[in-house]
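Participant: Pulled these features from TrEMBL for this protein:
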type   : residues : note
REPEAT : 1-30     : repeat 'WD'
REPEAT : 74-108   : repeat 'WD'
REPEAT : 115-156  : repeat 'WD'
REPEAT : 207-253  : repeat 'WD'
REPEAT : 254-295  : repeat 'WD'
Amino acid sequence: MTQPSVILATASYDHTIRFWEAKSGRCYRTIQYPDSQVNRLEITPDKRYLAAAGNPHIRLFDINSNSPQPVMSYDSHTNNVMAVGFQCDGNWMYSGSEDGTVKIWDLRAPGCQREYESRAAVNTVVLHPNQTELISGDQNGNIRVWDLTANSCSCELVPEVDTAVRSLTVMWDGSLVVAANNHGTCYVWRLLRGNQTMTNFEPLHKLQAHNGYILKCLLSPEFCEPHSRYLATASSDHTVKIWNVDGFTLEKTLIGHQRWVWDCVFSVDGAYLITASSDTTAKLWSMSSGEEIKTYQGHHKATVCCALHDGAEPSPC
């Protein structure tokens, strides 16, 4: 099967993963996923594999194959896997689960290589651009930095006690981190390097972004126009809001979904945003106009996650 240059995938409570032609909106491949719901999708940097985080496993599918079977299953979590991602040259994968752990997996070997204990259900994990620190957010409101070199927790903070951290995002240059919670609030910190390698958080901004839950927050990628550095917040209030990172002023509200918006992902140049919603659809939006360009229709139940890789294959880290 020839691989499109744009890989776009969605997963739904209907127990399927769908691949879409981004421009035409046509679904060209459906993978049945009978074992559980899929909570998160992520594409490897080389565009070869799609990771699906389920309950309690992570399955890796070959993007260039028509096989419905995964090429690998990662099985040591004991509850819903809520976060999954890859190191920049694709050698290892990280995950976070409602079982309270953050894990690291070597893609070429079975079993989990490392495990960190968060002591509460982990909702979100991001990899710092330095590739040596993971940042996790959990149901009890804790944010923790896991130093992979020292193999320990190097920093802990609680922006709002007993308020679940739903989503974390880090600026591509490592300068900012944003945490979004169940009260519709985003906390923004500057990330400072101390004398050691440890990351320090300096409070920068508190943003009351939505009245409902924020289900995903995402900073725009490196290749955006310099004046187009955005924070996207997807919410249970059916909208996605686009904030200018310079001052965190509201630029646009994306209105069109009929139910909760669970996930969003920017195109590599930051010019487009894909969103996934409980209204069963995914949508493609123009960042310059704030208009909906395309709706991806085919799932029969809530579409809860999406993944997009429309960039070149990465140069080595």
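Just so it is clear, glycine is given a Cβ too, placed from its N, Cα and C backbone atoms.
Note that the coordinates shown come from a computational prediction; the quantities given were computed from them, not determined experimentally.
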Participant: Taking contact to mean 3 or more CB pairs closer than 8 A (sequence separation of 6 or more), are the repeat 'WD' (1-30) and the repeat 'WD' (115-156) in contact?
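Facilitator: Between the repeat 'WD' (115-156) and the repeat 'WD' (1-30), which are separate recorded stretches, there is no contact, as judged by 3 or more close Cβ pairs.
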Participant: Tally the residues of the repeat 'WD' (1-30) by DSSP class, grouping H, G and I as helix, E and B as strand, and everything else as coil.
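Facilitator: So the counts come to 0 helix, 15 strand, 15 coil.
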